Amino acid sequence: MMKLMLFSIIVILFSLIGSIHGADVPGNYPLDSSDDTYLCAPLGENPFCIKICRKHGVKYGLMLRLPCWCEYFGKIKNVKI
């Protein structure tokens, strides 16, 4: 019985790890007209990055590391802001 319970816990943990890693959303860092990324703060979701991503035709973005990162943004296209 103890082995079955331990096995069940291990299976559940591996499923959780798989679901966390499987949630990667594709995206990219948008560039301005000078081929630079947009730096913003604070880390995480912020209005400036969302505004930049919307200018690039994407609904949502956030600060990931230092530059803004846009979800589902594949091709890098320069936009004059």
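Numbers run from 1 along the shown chain.
Glycine is no exception: its Cβ is also placed from the backbone N, Cα and C atoms.
Quick caveat, the model's predicted, so the values are computed rather than measured.
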Swiss-Prot annotation, disulfide partner among CYS68, CYS70 for CYS49
CYS68
Could you list the residues of the same chain, at least six apart in sequence, whose Cβ is under 8 A from the Cβ of CYS70 (disulfide bond)?
GLY27, ASN28, TYR29, PRO30, CYS49, ILE52, CYS53, HIS56, VAL58, TYR60, GLY61
